Amino acid sequence: MALFVQKYGGTSVGSVERIEAVADKLQRFREQGHDLVVAVSAMSGETNRLVGLASSIQDAPSLREMDVLLSTGEQVTIALLCMALEKRGIAARSYTGSQVRILTDSSHTKARIQDIDVERIQADIAAGCVVVVAGFQGADAQGNITTLGRGGSDTTGVALAAALKADECQIYTDVDGVYTTDPRVVEGAQRLEKITFEEMLEMASLGSKILQIRSVEFAGKYKVPLRVLSSFEDGPGTLITIEEDDTVEKPVISGIAFNRDEAKLTVLGVPDIPGVASKILGPISRANIEVDMIVQNIAADQTTDFTFTVHRNDYSKAEEILRQVASDLSAREVVGNNKIAKVSIVGVGMRSHAGVATKMFDSLASENINIQMISTSEIKVSVVIAEKYLELAVRGLHSAFELDKVDTVSE
Ligand code: ASP
Ligand code: MG
């Protein structure tokens with residue numbers, strides 16, 4: 001007997017049939033004697049439909065009213081799921097975020113959870129009820145409805161699991177786990193049995209869009225065991241957990257992440273004097289453009305070259321800003337390229353192994369792929385390459401690090 005918090009995403013509750021299937025699944029867990037708290041998303045496409053309705057009235061509606069609107073999607077699902085459970089003779093109660101009292105700050109459309117009042121939920125569990133909570137929403141101290149940012153139901157699930165000290169937070173979605181890389185790119189991609197929070201954060205922020213990043217941070221902070229699994233088929237999924245210093249030999253690399261939506265900009269011939277980096281990047285960040293990798297070359301002839309990457313959508317805006325900055329700084333030239341991609345190898349095993357980066361560079365060299373930029377962290381090595389070589393690079397790296405041989409024996 002365990003207490004599970006389960007989260008079902010939009011496709012898992014995308015139709016009445018799917019909601020009935022979730023109820024069947026919950027019934028099986030109940031029959032095994034488990035206590036259940038369930039967080040659900042809106043039916044797939046619903047949140048987008050609501051966003052569309054709002055923008056057909058106003059270009060920039062008030063964020064407070066956006067939250068009132070967007071929170072309705074999940075309210076539909078909790079009621080329908082409870083009806084499906086009651087039809088099966090299972091006691092169930094639905095709650096919106098503000099009813100449970102998921103207290104958040106007041107940043108509408110990207111609120112953060114501050115506290116959850118678990119008393120009511122615990123009383124319902126003790127009374128034998130399945131508690132179904134609307135994901136993605138809460139209320140601030142004044143009672144205004146807030147939402148947690150797109151994909152925020154994952155964070156609701158994790159926060160509930162942390163507050164209730166659940167045995168596991170299980171995120172049911174349309175994929176059966178976290179893979180060594182995107183199976184659409186590498187046929188031999190393998191489901192990972194386990195991955196650490198840190199690795200998952202790198203994989204998620206690098207473009208493996210399975211979980212809202214904030215939910216992984218939250219789970220890591222409160223040490224909530226988090227499992228990603230499919231609501232469409234049975235299987236153990238992938239457990240996201242803390243790093244164990246067990247004696248079992250772990251793979252050096254857990255996965256390969258990539259991101260196509262990148263662009264790079266270079267200012268050539270910038271005077272090599274203090275304050276230049278801040279003069280270049282200041283206007284970029286004031287324009288709300290996020291900068292990812294940054295490289296500054298060693299100076300020759302008192303000038304240097306300064307390169308950074310941005311999201312491809314921000315490319316033209318960043319270039320325009322940079323031309324102005326370059327002329328103010330009397331730099332030589334601005335050049336850019338929006339046909340680039342970033343590929344990263346991720347793994348906590350890197351901490352204890354030498355030569356990982358070299359192995360990556362060897363693999364790219366053997367495919368004749370030119371590396372344009374490199375950046376590293378303790379558990380990651382990223383390179384920027386021409387977008388057209390992305391698939392080739394990922395496939396080569398996947399076999400160089402023997403990821404097709406990852407052991408995925410199920411429990
Ligand atoms: N329904 C919200 C969205 O589509 C929240 C979620 O599904 O996690 O972003
Ligand atoms: Mg999601």
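Here the Cβ of each residue, glycine as well, is placed from N, Cα and C on the backbone.
Predicted automatically and left uncurated, TrEMBL annotations should be read as such.
Within 10 Å of the Cβ of Thr173 (ATP binding site) there are 22 other Cβ atoms, across all protein chains. What TrEMBL records for Lys7, Tyr8, Gly9, Gly10, Thr173, Asp174, Tyr179, Arg184 is ATP binding site.
Reduced to three states, the DSSP call for Glu74 (substrate binding site) is helix. Positions annotated as substrate binding site by TrEMBL: Thr47, Glu74.
If you look up TrEMBL, you'll see 265-339 (among others) marked as domain 'ACT'.
Mean pLDDT for the domain 'ACT' (345-411) in this predicted model: 90. What TrEMBL lists as domain 'ACT' is 345-411 (among others).
Annotated pair Arg184 (ATP binding site) and Thr47 (substrate binding site), C-alpha to C-alpha distance, rounded: 26 Å. In the domain 'ACT' (265-339), helix, strand and coil residues by DSSP number 28 helix, 30 strand, 17 coil.
Among the binding-site residues Tyr8, Tyr179, the residue whose Cβ has the fewest other Cβ atoms within 10 Å is Tyr179. In the structure as shown, the Cβ atom of Thr47 (substrate binding site) sits within 10 Å of 24 other Cβ atoms. The maximum pairwise C-alpha distance among Lys7, Tyr8, Gly9, Gly10, Thr173, Asp174, Tyr179, Arg184, the residues recorded as binding ATP, is 25 Å. For the binding-site residues Lys7, Arg184, the largest tally of other C-beta atoms within 10 A is found at Lys7.
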